[in-house]
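S.K.: For CYS70, CYS72, CYS85, CYS88, the entry in Swiss-Prot reads Zn(2+) 1 binding site. Residues or ranges marked as Mg(2+) binding site in Swiss-Prot: ASP461, ASP463, ASP465. Here Swiss-Prot flags CYS820, CYS894, CYS901, CYS904 as Zn(2+) 2 binding site.
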Amino acid sequence: MKALLDLFRQVQQEEQFDAIKIGLASPEKIRSWSFGEVKKPETINYRTFKPERDGLFCAKIFGPIKDYECLCGKYKRLKHRGVICEKCGVEVTLAKVRRERMGHIELAAPTAHIWFLKSLPSRLGMVLDMTLRDIERVLYFEAFVVVEPGMTPLKKSQIMSEDDYLAKCDEYGEGEFVALMGAEGIRELLRGIDIEKQIETIRAELQATGSEAKIKKFAKRLKVLEAFQRSGIKPDWMILEVLPVLPPELRPLVPLDGGRFATSDLNDLYRRVINRNNRLKRLLELKAPEIIVRNEKRMLQEAVDSLLDNGRRGKAMTGANKRPLKSLAEMIKGKGGRFRQNLLGKRVDYSGRSVIVVGPTLKLHQCGLPKLMALELFKPFIFHKLETMGIATTIKAAKKEVESQTPVVWDILEEVIREHPVMLNRAPTLHRLGIQAFEPVLIEGKAIQLHPLVCAAFNADFDGDQMAVHVPLSLEAQMEARTLMLASNNVLFPANGDPSIVPSQDVVLGLYYTTRDKINGRGEGMTFADISEVIRAYENKEVELASRVNVRITEYDLVNPEADGDARFAPKITLQATTVGRAILSEILPKGLPFSVLNKPLKKKEISRLINTAFRKCGLRETVIFADKLLQSGFRLATRAGISIAIDDMLVPPAKEKIISEAAAKVKEYDKQYMSGLVTDQERYNNVVDIWGAAGDQVGKAMMEQLQTEDVVDRHGKTVKQESFNSIYMMADSGARGSAAQIRQLAGMRGLMAKPDGSIIETPITANFREGLNVLQYFISTHGARKGLADTALKTANSGYLTRRLVDVTQDLVVVEDDCGTSNGVAMKALVEGGEVIEALRDRILGRVVVNDVVNPETQETAIEAGTLLDEDLVELIDSIGVDEVKVRTPLTCDTRYGLCAKCYGRDLGRGVLVNSGEAVGVIAAQSIGEPGTQLTMRTFHIGGAASRAAVASSVEAKATGTVRFTATMRYVTNAKGEQIVISRSGEALITDDHGRERERHKIPYGATLLVHDGQSIKAGTQLATWDPLTRPIISEYSGTIKFENVEEGVTVAKQMDEVTGLSTLVVIDAKRRTSASKGIRPQVKLLDSSGAEVKIPGTDHSVTIGFQVGALITVKDGQQVHVGEVLARIPTESQKTRDITGGLPRVAELFEARSPKDAAVLAEVTGTTSFGKDTKGKQRLVITDLDGNAHEFLIAKEKQVLVHDGQVVNKGEMIVEGPADPHDILRLKGVEELATYIVDEVQDVYRLQGVKINDKHIEVIVRQMLRRVQIVDVGDTKFIPGEQVERSELLDENDKVIAEGKRPATYENLLLGITKASLSTDSFISAASFQETTRVLTEAAIMGKVDDLRGLKENVIVGRLIPAGTGLAYHRARKAKEAADRDRAAAIAEEEAASIFETPAVQQEGDA
């Protein structure tokens, strides 16, 4: 009996653990794991198929092959459990121990572990302070290393070749010093390291040295040594003396039919190691010559290398078929490795997949499940039911019953399935709406039926898509599926909070057609008492669907929200001017929505807005019912409408011929000009492309105008225009299918096509699809079509990879508390670009929590208290009282250490309420950004030539009426004519309304003439400033007499004659074309005052010096009198090269990877005055002198455009050299908020271009993760190393600890890491290893003896626990609390026991202690 109980005890062993530690194994540890030494390379006997004794599959070492049966068969069955057979030495136990028992190989010579040698940076090299090359020479027996110099002048760890060694032996005599070859030598060196002492010396040297390179090197070495010291791992364990052998079941040998065997590559690799090891042992016993032994040792080292990581060094070992063998390292890394294949993505039971078809009769929370599939999926449930009902006595009988599919089985299936949700998933699962739960409805047939409204969320269509079904088994799982995942509970997109259950295509068309109005329809102007009357008239063909009529309509207003049911609403009857269709549709309107929401043509956007309004006003349940009704009506009405397309619907505009012939004439004109040499080929090409582009647009416009309207006679007999009922136009206008651009190809002209390389072919396709294309036109258009397909394939892969990196960097970010109590936040304004409001303030702050009280600017009363979550009504209020800037909480400034707080995150967009604790907001953010990735383009845009010329603006005008305000950065001077000339680089003009709310803002460039002044009231359309778009001026900020310096004709400047006017100007020559003597000098101007002294910059003793850059046209003469604001020189900007603008997906990836752009802008490091120093070869030297008089130098390439000139005052972070911004500079000079704003805006630009809406906070969450590491500047009294990068939370914890002890905390600066880098440098080595660069991550972690606290989601998935998010967060918290309570209780009990032994009260003991 006891044995039986023991047997059960074996099974349930649930280990609780809170962390996982990784380290290096000592030889003793490896021997302690082992169940015996593997001495022979044999595997199994080819005749008996039994494993060879002491071989790689030995039953004595690894355990029996059959359960409870020894190898020779002497002991069989359970009763002998634990007996070791005296004949064959096998323990009688379960065969599955062969999966967990390890063996070992005692190596005859130590070998180095290749990971610590070759995984860069080489850890062995770091510890020994030797180069990788030298260590390799020693290990592979090409050189000796001095281990013990003795009394000789040799140094420890000195490398010498064999000849050297022999020479030194002769010189100093044998045995005076010890030098070894191979891993023995390295092992001795490692054993000889005194870590404590080394650390002290390095720390001392770190203090002493000033060189950057040295500090870096020392810090790296210090980190490794300290890790060894902390973790208690000895460095010489990096050299293996014992090799562990994997349990045989994990490297199986399977007999195939025909007497052959399939084997794991590891067996081959182990065999080679054992063979070479045995040969080496024999050679050592035989005292073979040194050279032979050496060779054998080298081969052993190589064999061990390829077992651990084949192909890392030298050529990979290959098997019989010339294929490289798969080593231990390859088993765990990559997509097919252990991590990604088996731990993160497992195949699951209780699942099936089938094709999907549309199920228009289903309710939103249902799906149609084929009977056969359901029978298979719910089999165990049916067996159980059959047994409890007594229909079948055993499982076997139940199985038979089910397989014969008797009627009773179907009844039971119905019963089992009722209220048991199933989960449907469509690959690729790009966001959380890719898996939703439904209640199954049994259907005939073999295809799953899917509700049409969830197609948008799944991105599914019915052209052969397949979906998988999963059954949640446990009660908890069913409950979660029902409450959290049911389709009717997921009606909003988590990415932007818009409804996901929007109808599309037919439904939209049906609803649109129903709600359109028609002039002079049958029965126009009739008045009806109620809707039933309208329906009667319509069914008797007295009125048309689109006729304008008057109807009495009952609306329900929400009067008391507290009551339940219909008591909340009060009916209100009004006479409405509407159409028949809208009146009929109003029957389905939920109570609480006014009729006005339906009283307009319902296009797709309108329907989305309608569902959104319903959700906010009427709640989830009503919305779902309403959406279902809309769907039914839409389908019915679309069928009744009978809209179809005929060739006559494609109306070709009569003006087309004229437009095309005019364009062709213009092109001819340009060809002529080119022939006569007036324009270059490039210019001609640009203009031709321009002309055809414009012509295409004109044809398109003419076509749309014709399609849009039609002439009808109204009931007074007048001819009027009304919106057209053309089928194609209706489809496009309603948003059901097609777009203006596609209609243009049908009935306008196809226009310009691109070659595969992206350049535009200059001959357009003038035909459209209605007229048909000729062969050439067809051929030209195939390019584009094919490129589109290739692009899509690439895009999908790239987008998937971006999502993977994003998920990886944010996976451990979970909402863990309600409020972190921070008073930080970010000030939100409306997003204005080019004078237009792109995103209103209300949209940006919706669903955020305000930091400070929002004050009404007119009455100064508090309108909204701090800490309030802004919902739709509150943003309305903010809008109406005229607040234009609100400070809101953001994930960026959240003070929660490991995770986020709910207040900083704000509204959970997928649910419409404040986010719940445990929500995995990181993953949601990553999915929201990654999911639309496939819609982004892959191309980079060439902007240049004609296209960019048209876009050059030369003035800016106000779009709104209001008051002009200049920003603090705006500086200007007034010239002799009284004009105000701008001399700032980053000045902006704002226009505010009467409330002082910003309506628009415009950048005003340097050198512009201001036409308005600060505080002036203006009307819309007033010009604010003008400038010359083609040149950039250099303007004098002081007045005086010009004195040229280094302006010598033929040396630094050249005379240029203008052919047309005959005037001459001086042009500064490029340094490359100057004589060698004049290379370094720079043409410049000084100003003299009336007494002939140099004019000084006020407040300093610097002379005003204005330098001219290469290409500048000098417009003043020597000795000329100039006034403030006068132009001294002009720099033509026309020479701008066409530049590629990275767009689409690559741009998003570039931003999140925090890559520094090439030719990045240079920002001023300090606030101060600029001047130019002496130029070096090819570089200009720019000096900024700060307010304390310290000079900061910048070297800038000559061809770069410097935006500042001598004597200009710049602010820290201001751009001084043109170019794209570098995010690292922004962070360093302007801080976290500026950086976040930059990244958010740039990413949003890309998505906005594609019409994708993503909430800002998702991008902020990613940026938070990119900023989660900091770099230590001053260590204070902490354990860190200068220059070390650590997790922000770890640093803050350590600082808190140090401050509590009254010591000095460490100071740090923020670090911006790209998402890949950030994922790899997380504290969790499990998460990092499963992401990328597995070898490097594990090597580093093992040396550090790292502990993974299993904080993130990924680590927990890998070790197979519940994730600490959602319901799992509560579980883990409860578990930890229980453990703590248990510990306390155990301690208390122990104390009581101790007290009772001494018969003294416990209190007294404590007192004594």
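Glycine too: its Cβ is placed from the backbone N, Cα and C atoms.
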S.K.: Translate the DSSP assignment of CYS88 (Zn(2+) 1 binding site) into the three-state scheme.
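M.R.: Once the DSSP labels are grouped into three classes, CYS88 (Zn(2+) 1 binding site) ends up as coil.
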S.K.: Could you check what DSSP calls CYS904 (Zn(2+) 2 binding site) once collapsed to helix, strand or coil?
M.R.: helix
S.K.: List the Cα distance (Å, whole number) between CYS85 (Zn(2+) 1 binding site) and CYS904 (Zn(2+) 2 binding site).
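M.R.: Distance between the two Cα atoms comes out at 67 Å.
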S.K.: Radius 10 Å, atoms counted are CB only; among the binding-site residues CYS72, CYS88, which position scores highest?
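M.R.: Ranked by Cβ atoms within 10 Å, first place goes to CYS88.
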S.K.: Among the binding-site residues listed here, ASP461, ASP463, ASP465, whose Cβ has the fewest other Cβ atoms inside 10 Å?
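M.R.: The binding-site residues ASP461, ASP463, ASP465 were compared, and ASP463 has the fewest Cβ atoms within 10 Å.
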S.K.: Measuring Cα to Cα, how far is ASP463 (Mg(2+) binding site) from CYS72 (Zn(2+) 1 binding site) in Å?
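M.R.: It is 61 Å, counting Cα to Cα.
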S.K.: Consider the binding-site residues CYS72, CYS820, CYS894 and say which one has the Cα lying nearest the Cα of ASP461 (Mg(2+) binding site).
M.R.: CYS894
S.K.: Other than ASP461, ASP463, ASP465, which residues of the chain come within 8 Å of the Mg(2+) site, judged by Cβ distance to the Cβ centroid of those residues?
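M.R.: These residues sit around the Mg(2+) site: ILE356, ALA460, PHE462, GLY464.
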S.K.: Between CYS88 (Zn(2+) 1 binding site) and CYS904 (Zn(2+) 2 binding site), find the distance joining the two CA atoms and give it rounded to the nearest Å.
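M.R.: Roughly 68 Å, rounded to the nearest whole number.
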S.K.: In terms of DSSP three-state secondary structure, what is the assignment for ASP465 (Mg(2+) binding site)?
M.R.: coil
S.K.: Between CYS72 (Zn(2+) 1 binding site) and ASP465 (Mg(2+) binding site), what is the CA-CA distance rounded to a whole number of Å?
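M.R.: Computed Cα spacing between CYS72 (Zn(2+) 1 binding site) and ASP465 (Mg(2+) binding site) is 56 Å.
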S.K.: Note the Cβ centroid of CYS820, CYS894, CYS901, CYS904, the recorded Zn(2+) 2 site, then list each other residue of that chain whose Cβ lies within 8 Å of it, in sequence.
M.R.: GLU817, ASP819, THR822, ARG889, PRO891, THR893, ASP895, THR896, LEU900, ALA902, LYS903, TYR905
S.K.: Within 8 Å of the Cβ centre of CYS70, CYS72, CYS85, CYS88, which other residues of the chain have their Cβ, at the recorded Zn(2+) 1 site?
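M.R.: Everything else in range on the chain: ALA59, LEU71, GLY73, LYS74, TYR75, GLU86, LYS87, GLY89, VAL90.
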S.K.: Just name the winner among CYS70, CYS820, CYS894, CYS901, CYS904 (the binding-site residues) by count of other CB atoms within 10 A of its CB.
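M.R.: Neighbour-count leader: CYS904.
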